[in-house]
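Chemist: Once you've had a glance at the structure underneath, I'll fire off some questions.
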Amino acid sequence: MTTTSLPDGTAPAALVAESPALPAQPVPREGALAGVRDAVGRLVRRAATAARAHRTGVVLVLALAVGAGLLHGINFDGWPGRVNEDEGTYAAQAFAIERWGQISHYSYWYDHPFGGWLFIASYTTLTQAFDRTATAVTAAREAMLWVHVASCVLLYMLSRRLGMRRFFAALAVVLFSVSPLAIWYQRMAFLDNISTLWVLAALVCVASPDRSVGAATRAGIFMAFAFWSKETSLVLLPGVYLLLWQNRDHRNWRFARRNFLGFLSGIAGIYILYAVTKNELFEGEGHVSLWWAVKWQLLDRTPSGSVLDPDSGTRGIADLWLGMDPYLLGAGAVAAVVLLVAVRRFRAVAFLLLMQIVFMARNGYMPYAYVTSMLPFAAICAAGLLDVVAPSRGIRPLVVLGARNPGRRRVVPKAPSWLTGAIPAQRGRPEPSRPAPNQSGSDSRTAADGGGPVGGRRRVGFWVRAAAVASVLALGVLTIPPRWAPLLRDAITEDAGAPSREATQWFIDHYERGQIVITDDNIWTDLVVAGMDPVPVWFYKLDLDPAVRRTVPNGWSDIDYVILGDLTPTTLETLPTVAEAIEHSEVVASFGDGEVMIRKVIPPTCTDRTPRGARCTAPAAGG
């Protein structure tokens, strides 16, 4: 055999790699901006793909969110009226963060972590709400509107992740939004609304079908945010952890629970670290302390009594809730008992509702907005029990706490983690193979799945369950709307906040510079925004804060005006300076049948011939 050799220094053309052409000029590097732009583009494309694949669910969620926004947004400043001063307090604290760069408008005494009004301040800063809205409370309530819309989306997501069909998940959102009790409390600027939002976000994460360490981490972060919004949200931690445990993946459970508890305790622990850096962890001379505030909240605060006592304050608050809407809480409580015992996938949510109801039996302090965190779980339980009882015509391809229902599946693009509320899992249980069809050629379903055999003759139980659910829905349609209609009409038309706004505007129009004004927190921020000098005094601080008391060295006689409604005798006993100022005053303007009254304080140096509105001064020495 003869071979042909190539000349030295040459190679076959097929083996010679062509050298890349070098650019004439170096290519400029775009830096981090290009990476951010590409990442955002990928997220947008993934979100669009997921939206197209899940168009029915996306359209339904958007419709529910828009409906909830309209119902809660129309006349949100008019109903309810200014029935609780906490709204004004949180609005004033948010104003102090935005305008003054400090945590509170007075000395911060660790009554609550400041994350809740920091959330409100973030919204008002981004939207210029304090300058744009009629009152400071209006600005804070506007933030609550968006909190409610976000809570509705999370409630729907949680319901679906618990295995509820779309109709019943939407029903839970409708109950959560349309109930007059829900509208009353969720419109008001309460920290409980913000903390409930974060708790729902945590539950959505722990119920993630991915069951990843990242989802548990995110849940821990959200629970920490709930604590920073209101510390009492930690009462719900056992229920959140129960759902995390139910949905665990045995291969990563150790890391998931460590991350959940680690991020929760680490972020929440910053609150203690803050007190340490301020030297305010423990009680001491001349300063507030976190320890004193915790002790006061848990031990020293005047208890409201037990709900089992018909004469207690707790019973009175519960009667207020049930008088406004007995259906949501009643149906939710009854359903929760059944679900806790019989249905595993709803056990954590049922526990969260029943635990809060049981706590009302203790002899402790009952916050006015305590019911706020009960409402979403009552809605899920009421709609969830109907979902369990209702039969299904086909197999529901839902992911329920890590266990997948068998059935024919359509491969759809996966939604991005930021949309589903969980970080994609790196590992997970393999999906069960589809069982072989039975001899009749139809899929079989157990009673727990919501129906009997599909495709063949249906059992009598199918129609019994269908009739039961239809009867409950029909009974609800016939009985609930007549009870809700008057309150819903008031929610849309009644302007119960007008007296407070009118009193504020009247005083701004008649105010003279240098006058000392005592008012509540609902009006305090509006007077500060109007440029009152000196800054108005919140009436609670006049007797309880030594720094404020020094601004009126002569006591009540240094006060010019008091803008308040009627105070209870118990309140006046704890505020002697305010009580004396009211006793030595006359009403110059009244709004809302005495709901808000503007009083001119008459010092002892005044006479009957002193012109109304004139400031009376002490006579000169020796005169």
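Cβ coordinates come from backbone N, Cα and C, glycine included.
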Chemist: Would you mind telling me which of 56-74, 455-473 TrEMBL tags as transmembrane segment?
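Modeler: The listed stretch tagged transmembrane segment in TrEMBL is 56-74.
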Chemist: Where else in the chain does the transmembrane segment (143-159) make close Cβ contacts, counting only residues six or more beyond its ends and a cut-off under 8 Å?
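Modeler: Result: 60-61, 64-65, 68-69, 72-73, 76, 119-120, 123-124, 129, 168-170, 172-173, 176-177, 186-190, 193-194, 196-197, 200-201, 203-204, 207, 349, 376, 379-380, 383-384, 420-421.
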Chemist: When you scan the chain for residues with a C-beta under 8 Å from the transmembrane segment (367-386), skipping those not six or more beyond its ends, what do you find?
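Modeler: Residues packing against the transmembrane segment (367-386) from afar: 84, 86, 151, 155, 158-159, 162, 164, 168-169, 171-173, 175-176, 179, 181-182, 185-186, 188, 190-193, 195-196, 199-200, 232-233, 236, 317, 321, 328-329, 331-333, 335-336, 338-339, 343, 346, 349-350, 352-353, 356-357, 360, 469, 472-473.
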Chemist: Compare 56-74, 165-183, 221-244 by their Cβ pairs under 8 Å to the transmembrane segment (327-346) and return the stretch that comes out on top.
Modeler: 165-183
Chemist: Which residues, given as numbers and ranges, are at least 6 beyond the ends of the transmembrane segment (221-244) yet have a Cβ under 8 Å from it?
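Modeler: For the transmembrane segment (221-244), the sequence-distant neighbours (Cβ-Cβ under 8 Å, at least 6 residues beyond its ends) are 112-116, 118-119, 191-192, 194-196, 198-199, 201-203, 205-207, 256-257, 260, 263-264, 266-268, 271, 347-349, 351-352, 355-356, 359, 367, 373, 401.
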